[in-house]
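Quick notes on the structure that follows.
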Ligand SMILES: Nc1nc(=O)c2c([nH]1)NC[C@@H]1CN(c3ccc(C(=O)N[C@@H](CCC(=O)O)C(=O)O)cc3)CN21
Ligand SMILES: CC(C)C(=O)C(=O)O
Ligand SMILES: [Mg+2]
């Protein structure tokens, strides 16, 4: 759906205005059919760089490229009529500085039709966020556990326990002050997430944070039980599609080997069927 045809899709300003209201609903998507499934139910859909781990079998998000994000972003946008699309900036596409970030963010927006970009980092990225926003690119921030920094964080651990909490609070204030319209809080303690949510003027979107956040997000393949290589504590499985898919494949294999598939209704007669004359 083109940007002009969709009149009721929320914009970043609309998402921002939802601060303190009915919680914002979001999931990741990477393909057109999955985007279609969630379009009517989500306020915004994230084309996450988790696509690298979830669909491409990469060991982390570090190997995700601009080209991958653009292809998946285009696919997701084709499946959305109502929800806003946000797209992750991949590792290495924005950290050098504001000019590099603008060049790549503008390309993501122009080539996919996304309504906003998301990038990881708090105080360290505040100048970059301000630079993008001042030049027309809405930015969603992402703080707490920032998976692109797995190598410096030393794992996918909870961020901001005890004294570390003040640094996460400072990150939240910095991205809000810089002009981000919302911020993802990933894997931070519940009380800290609640304090940040009460402190900053933009919506907090929790993943492993708190039900008190202004919204929630999950990786769709996690909540559908399609991605099973690992399950973070914050994931709730709402379906078991991976198991269902395996059972279906096993049934197909058995029927093929038994020559039970294809059945008569799946094959074609040798003689061209003649339409019966009217009586
Ligand atoms: N499928 C999937 N779901 C995600 O939420 C996700 C991705 N992939 N890829 C990109 C990032 C990486 N994230 C991750 C990755 C691993 C854990 C994890 O394994 N957490 C464990 C504990 C790991 C540890 O303490 O080192 C957990 O139980 O929460 C959490 C978030 C979140 N994102
Ligand atoms: C987990 C969400 C917030 C994300 O950044 C991703 O899917 O890449
Ligand atoms: Mg991401």
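Placement of Cβ uses the backbone N, Cα and C atoms for every residue, glycine included.
Listed in TrEMBL for this protein:
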{"type": "BINDING", "residues": "49, 50, 88, 118", "note": "3-methyl-2-oxobutanoate binding site"}
{"type": "BINDING", "residues": "49, 88, 120", "note": "Mg(2+) binding site"}
{"type": "ACT_SITE", "residues": "186", "note": "active site, proton acceptor"}
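All features noted in TrEMBL, drawn onto the structure.
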{"residue": "49", "record": "3-methyl-2-oxobutanoate binding site", "Cβ within 10 Å": "29"}
{"residue": "50", "record": "3-methyl-2-oxobutanoate binding site", "Cβ within 10 Å": "21"}
{"residue": "88", "record": "3-methyl-2-oxobutanoate binding site", "Cβ within 10 Å": "30"}
{"residue": "118", "record": "3-methyl-2-oxobutanoate binding site", "Cβ within 10 Å": "24"}
{"residue": "120", "record": "Mg(2+) binding site", "Cβ within 10 Å": "24"}
{"residue": "186", "record": "active site, proton acceptor", "Cβ within 10 Å": "23"}
Annotated recorded positions 49, 88, 118, 120, 186, filtered by Cβ under 6 Å to ligand 3: 49, 88
CB-centroid shell, 8 A cutoff, Mg(2+) site 49, 88, 120, site residues removed: 48, 50, 61, 64, 89, 90, 91, 118, 119, 142, 147, 148
Secondary-structure category, per DSSP, in which residue 50 (3-methyl-2-oxobutanoate binding site) falls: coil
Conformational class of residue 88 (3-methyl-2-oxobutanoate binding site) under the three-state DSSP mapping: strand
Residues among the binding-site residues 49, 50, 118, 120 that border ligand 1 - Cβ under 6 angstroms, in sequence order: 50
Shortest C-alpha distance to the residue listed as 'active site, proton acceptor' - which of the binding-site residues 49, 50, 118, 120: 120
